[in-house]
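Peer 1: Pasting the relevant annotations from TrEMBL:
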type     : residues  : note
TRANSMEM : 46-65     : transmembrane segment
TRANSMEM : 85-102    : transmembrane segment
TRANSMEM : 114-133   : transmembrane segment
TRANSMEM : 145-162   : transmembrane segment
DOMAIN   : 308-588   : domain 'ABC transmembrane type-1'
TRANSMEM : 341-361   : transmembrane segment
TRANSMEM : 420-439   : transmembrane segment
TRANSMEM : 445-465   : transmembrane segment
DOMAIN   : 621-850   : domain 'ABC transporter'
REGION   : 913-940   : region 'Disordered'
COMPBIAS : 928-940   : compositional bias 'Basic and acidic residues'
TRANSMEM : 988-1015  : transmembrane segment
DOMAIN   : 995-1275  : domain 'ABC transmembrane type-1'
TRANSMEM : 1035-1057 : transmembrane segment
TRANSMEM : 1099-1119 : transmembrane segment
TRANSMEM : 1125-1148 : transmembrane segment
TRANSMEM : 1224-1241 : transmembrane segment
DOMAIN   : 1312-1546 : domain 'ABC transporter'
Amino acid sequence: MTTCREESTSEPESPSLCSPVFSLQVSNETLHSDQPDLPLCFQLTVLSWLPCIFLWAVSPVYIFYLKRNNRGYIMMSYINRFKTAFGLLLWVVCWADLFYTFHELRHGHTQPPIFFITPLVLGMTMLLATFLIQFERLRGVQSSGVLFIFWFLSVLCAIVPFRSKILQANQVTHSFTHSGFLCQQLLSGGRPRLTFLTCLSAWFSSQNPCPEETAGFLSTVTFWWFTRMAIKGYKQPLEAKDLWSLNLRDSSKVMVPKLLREWEKELAKAKAKSSPEEVEVLLANQRAAPRQPSFLRALLKTFGPYFLIGSAFKVLQDIVTFINPQLMLISFTNQKGVPDWWGYTLAFLMFFTALLQTIILHHHFQYCFVTGMNVRTAVIGAIYRKALVITNAAKRSSTVGEVVNLMSVDAQRFMDLTTFLNMLWSAPLQIVLALYFLWQNLGPSVLAGVAVMVMLIPFNAVIAMKTRAFQVEQMQHKDARIKLMNEILNGIKVLKLYAWEDSFREKVLAIRQKELNVLRKTAYLGALSTMAWTSAPFLVALTSFAVYVTVDENNVLDAEKAFVSLSLFNILRFPLNMLPQVISSIVQASVSLKRIQSFLSHDELDPDSVDRKNTAAGRVLHYFSVTVVNGKFTWAKEDPPVLHSINVMVPQGSLLAVVGHVGCGKSSLISALLGEMEKLEGEISIQGSVAYVPQQAWIQNATLRDNILFGKPYDEQKYCCVLDACALTPDLQVLPGGDMTEIGEKGINLSGGQRQRVSLARALYSDADVYLLDDPLSAVDAHVAKHIFDNLIGPEGVLKGKTRILVTHGISFLPQVDNIVVMVDGRVSEMGSYQELLQQNGAFAEFLRTYALEDLVEEDEATGRASFCQRLLAAAHVHRLTTFLAPGYSDVKFKHPALLRRQISIISSDSDNLRPRSVRRHGCSQRKAAESQDKKKPPEMEKLIQAEAAETGRQEQSAVCAPVPADQSRRPSCCQVKTKVYLEYARAVGPVLSVLICFLYGCQSAASIGANIWLTQWTNDAATNQTKEHVHMRVGVYAALGIAQGVLVMMSSFTLAMGNIGAARQLHFNLLDNKMRTPQSFFDTTPIGRLMNRFSKDIYVIDEALPATVLMFLFTFFVSLSTMIVIISTTPIFAVVIVPLAFLYIFVQRFYVATSRQLKRLESVSRSPIYSHFSETITGCSVIRAYGRHSAFVLMSDFRVDENQKSYYPGIVSNRWLGVRIEFIGNCIVLFAALFAVTGKDSLNPGLVGLSVSYALQVTMSLNWMVRMTSDLETNIVAVERVKEYSETTTEAPWEVEDKKPPPEWPTAGNVEFNDYSVRYREGLDLVLKGLTLSVKGGEKIGIVGRTGAGKSSMTLSLFRLLEAAAGEITIDQVKIAEIGLHDLRSKLTIIPQEPVLFSGTLRMNLDPFDRYSDEEVWKALEHSHLHRFVSNQPSKLELECSEGGENLSVGQRQLVCLARALLRKTRILILDEATAAIDLETDDLIQSTIRTQFEDCTVFTIAHRLNTIMDYTRVLVLDKGQIAEFDTPSNLIAQRGIFYGMAKDAGLAQ
């Protein structure tokens, strides 16, 4: 020991630690020998201590983390016991080692200090590790990263001593000590395996919770825990039930309150900073509020910390990216006589850094994507909660569409931004690092390359701006086309009846042409942009190399300089491209941020404006359940008050009617009682719960039963009682699934009256104390209104004893109410009982007078005039009213037909029409019918709306349709898309063009390889010292090859774009042409939404998404292919490895594509319910608030968002899972390329090694993208299949038949004959007309009457051949209509339809789309149709723009436009499907008189709804159940006292 100490004065520290026997550094022994070995001292110090230092350094932080995050307790398992015993065993081995050293010391063998220190340190560390194993178990950690890394380092460090022992097996010194250390290190090698087993055990034990929670460290790092879903998705299509439940940390329950807490803090801060002096200024100018709460700050505080973890990964990744180019093997191949293991070490180092980079990058992405997902969840939740409580003034500034946009578009923008936000600082960092290493390599010459880059930035920016402008223009054309298509599909029946398909098809194609022109320009720019993108690294390399070799003769471009620089230039490509994109998306997100911030800052309704706790009731007797004292209310604070000095007291259990003229404030009073208005003065108090029935019924998209229960538990007896009281029982017989029928959005498959009754039923079932009924009886038929009043609202109804406030126009009910409040101009003018008010002869008596007349002249559309008539006749006070009737109206009451008998149809007033009848029979949805309504389930063939053939064009469940029974396998959707679809698309592009595109891509890759091979030759000049001779030739050829590559890239992109645009044009044309020729029955059974989806979403995919995907796919495919070619040609042995790697690649790719496609589908299916539920909520928020269902709806919205994220989250993970695996294959390619380069070192020149390895380094990215593009291609190509499917549906008869063309003047007489004519709506349905035989002479006027469903409309549709004959025939002037072309027939007939359909465009276009008539003729037609004055008063005259559906004209004016159309066409045969409640009496009389004068000599068929219009007709045809019941003159039919007589009697036209 003394020698040791003496030596220590002269030697450095370390030998004294190890003694002079063992030196720490022996360079020759280690670096320059073919059998390298590390010195023993190094092994005993650095290698032994490294893992220990790591564990001791990390454990304080880790223990603190575990204390803060307790996941619960894990039971002691066998594997846990084994791990603990194992740790203790290692501890024992270390102590044994230490004691043995002491033992030797006692026997006189002096040992250096290291033999005491190392076992001590190791023993302590083993104890710490054992403690951590148990502590983790108690805190619920399945498998930890800290211990895994510790054991992994231990194993790594043990390999060297183990090898040394084998090499020095003959030396026996310190046998026990070494064996102890070795034993400990090798035993610790079992630990990573144990950890891996833990990962697997965790993987197998979990069922439906997300396995990520319980996944081990290794499983988490490699995303192994996702594998089970990938396998499942490959075996069978994934369904919603296969998805894992969302991690609690990502759910709305956690995320939304977190964001709202921060936002509320921001709001509080903003309020606190607005001092009282400022408030006065603010009130004067509210918009200039200086201190807005910052939503950005709230977002940063909520999500910043989690996002920063991702940013930390990004920093690491950026640094690691630059290691690989520094490790290139070129310097190794240049040096002669160096040991081979250097090369192998470099190869493995390259592999491990690439592997590390892969893992870090994907974890960075995982953090970013999860942050994005959480931001979206929180933003949607915050917007939804806000939308439920904003004031009416705020609602005005944000329409439903805008708020839905906030949720969908703006929230999505945040989500997209978080993914690449880190690029904002990472891109400049990467650029700086790349330039630094390039400077090291090439010196100042690199500045020439940088100059090229800088010049390319404005070029790309200009292209981006132009592209953006084109996109905006294209969106406008697209919107115009979709709007027009929507109108065409909605009015397709009218187009067919008028034979206008051609004109509208041309209009659509004209817009489409403009759209394609813009697309073509975008494609030109795209081709330029692609060229810039591909050529940039090459141009930079070319200028840098050219400048480098020409600037100084001593500069030699050798392989190492060239290929290291090339790799660095390739790294530069990504940040340079990303930076402008990130900046533009930040700009977009900042706009979204402002929009969301201003929405969330809106004022909220005051929850305390209505006193529900009845603190004010102390002053008033409990006798009143509703009191309003001195109430003054407005809709918005800045608006003038709507209700003034309201004083109303409603005794408990009484029925109060609120009456008054239109717009006098009746509904406002109800809103005030609900707390929906701003209270300026006064007090409101309501005792008990409230039920509210709005004027326009609000119906949810749920079953009928759910709409009535509205969250209350189901009580069968009470439920049946409610149905009876609301007259809903008969409707349930008609609905396909009874009360389990799914009601469409906004109650689309219920009539107005049914919707109102469901709304009433909801109120009744809620069993509230106070009922606020806002004119619920106006939308129902008169007899139904009477039933509801008698059984529900009235003094003997179910609600007697409850407090009821009823707004009504129904005069007949007023005598039966307890009290009446009369509103005039927002004030209560009178209040009292019916008798009291009549005696006062004030506003109420005046109201009775005027309303009686108003009711007759312009009765509310939904009610129908007859209902008033019936009320008038039924009312006890009829004699009192007749004195007020104006003389001109005295006969009105007899003009009403038996309209009352006619039930309001299910969908629209066009009740004999196709769609409603079919719906009535065949139902819209059998989603839940199976449970309770088995007996009602219609046979399969009778489904009205067939399940959509989804995704891969096979019959498959779609989001909106009823679920397919379990036994119908849906396996095909998982199969790969048929090759046929790809061939179909290639055919649309053009076979020659398709081959040319592939050829050009091949040439481009060849040019690229050529340029790089030329570079290898150039760098080899350095080896043979020929650098000076061929410089110009080398630079010239290199430049030529590179430029050729750029030009070829541009040509191939351009040709591809042209092919894609041609295909898009062809596919759209086929679809449009087919749809214009499709029979009407197709449109009756296919939802318009589904057709619109083809014309919007699918055409968008074919126009824009598919070309981009094809371009990227071809690009990545050829890059990957050229990489393989280069590596195999350089090192042919590589071909051996290619086969297993390719197999592995295809294997992973198949798993990913199948699963990812299913996840995308599930995600898109679950996205729309979020928005539809939201828009539904906004329209019904007053109802939701009235019933106190606010929190239930918030939960429903959260549930829908979570359901959507449940499929989005595995989608994110699937990309990470794929990335790690594919990049591992890419890294293997790098490894093998490097290994084979080392083995063939003697035969290869440095240039070829550089070429091979630099290509291998690129391949990882292109392989990864190729899989993604394959997946996207499969997803997008489905659009081609879907469009093709609808382009091949069966078409109707030809529009023109050349050899059967009737003469131009046909029909001259207008004789119509039906000969044993029968017809049905569709194959497989019953006949609607059975054996009709009748003859009508030219000029006769025929009235057609009959009950609903008798076949009246079917008869007129048959004349137009909208329905084709099942038997028999129709002839017009001796021409069989079945033989001639449809346009030849339809252009010679004219119809004035029941519902006037107008298209957006000019008035002239609506009258004469083909421009066949002169302006003079058009004006004449307008004169006869009584529109002349209206049109001539318009500044634009005939060019008057009609909005969509003619919304800017009244219903009456639209009907007159249809009359003007008929007058212009002036054909010999006219069919009138007479309008019912759509027009007022005055317009009706105008139409009738015009028809009598202008169509005097024409044959006229009128479907009569008002019998008085056909009493002067030649003959009347009475249809019953599709057969002729009666056919004679009106007078004869009345005399016969048959069906017609009964109808005339009901209408008061016969005694």
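Just so you know, glycine gets a Cβ as well, placed from its N, Cα and C.
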Peer 1: The transmembrane segment (445-465) vs the transmembrane segment (420-439): three or more C-beta pairs under 8 Å (separation of 6 or more)?
Peer 2: yes
Peer 1: What average pLDDT does the predicted model assign to the domain 'ABC transporter' (1312-1546)?
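Peer 2: On average, pLDDT over the domain 'ABC transporter' (1312-1546) sits at 82.
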Peer 1: Within this structure, do the transmembrane segment (341-361) and the transmembrane segment (1224-1241) have 3 or more Cβ pairs under 8 angstroms, counting pairs 6 or more apart in sequence?
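Peer 2: Yes; at least 3 Cβ pairs under 8 Å.
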Peer 1: Let me spell it out: take the transmembrane segment (46-65), skip the flanking residues so only those 6+ beyond its ends count, and list any with a Cβ under 8 Å from a Cβ in it.
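Peer 2: Cβ under 8 Å, 6 or more out: 38, 118, 121-122, 124-125, 128-129, 132, 135, 144, 146, 149-151, 153-154, 157-158, 160-161, 181.
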Peer 1: Please give the sequence-distant neighbours of the transmembrane segment (1099-1119): residues at least 6 beyond its ends with Cβ less than 8 Å from one of its Cβ atoms.
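Peer 2: For the transmembrane segment (1099-1119), the far contacts come to 478, 515, 519, 523, 530, 985, 997-998, 1001-1002, 1004-1005, 1052-1053, 1056-1057, 1060-1061, 1063-1064, 1067-1068, 1071, 1258-1259, 1262-1263, 1265-1266, 1269-1270, 1272-1273, 1276-1277, 1279-1280, 1283.
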